[in-house]
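Asker: In case it's useful when we look at the structure, here is the feature table from Swiss-Prot:
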- 16-98: domain 'Lipoyl-binding' (DOMAIN)
- 57: N6-lipoyllysine (MOD_RES)
């Protein structure tokens with residue numbers, strides 16, 4: 001698992017990256033009440049808006065940690081947005097992206113680096 005400073009995570013299997021938000025981000029948002037995930041076929045660049053998550057506190061963009069084509073959005077979140085709070089780093093994923101440039105992963109943090117980053121906030 002790799003992480004961004006915007007609190008997204010990515011897990012790569014082969015050439016497919018599964019993307020979500022971290023437990024820290026979910027905790028900061030509070031109770032998630034709405035999620036808009038991308039549709040298959042959407043092409044995203046690293047750092048661009050990928051999804052939207054709304055909570056009782058705020059609406060936030062979820063940014064693509066990698067570039068590529070969305071092959072699946074997690075449609076189950078529309079009917080069960082609370083999954084983002086309950087399972088932020090597993091079942092609460094937002095999208096699966098076919099990687100365009102695997103080298104982008106090198107710029108992301110591993111868990112130890114991410115936890116050290118959280119310590120600076």
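Each residue, glycine too, has its Cβ placed from N, Cα and C.
Give me the structural setting of these features: burial, nearby parts and distances.
Answerer: For residue 57 (N6-lipoyllysine), other Cβ atoms within 10 Å of its Cβ number 12.
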Asker: Just give the helix, strand and coil counts over the domain 'Lipoyl-binding' (16-98), going by DSSP.
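Answerer: Result for the domain 'Lipoyl-binding' (16-98), in helix, strand, coil order: 15 helix, 35 strand, 33 coil.
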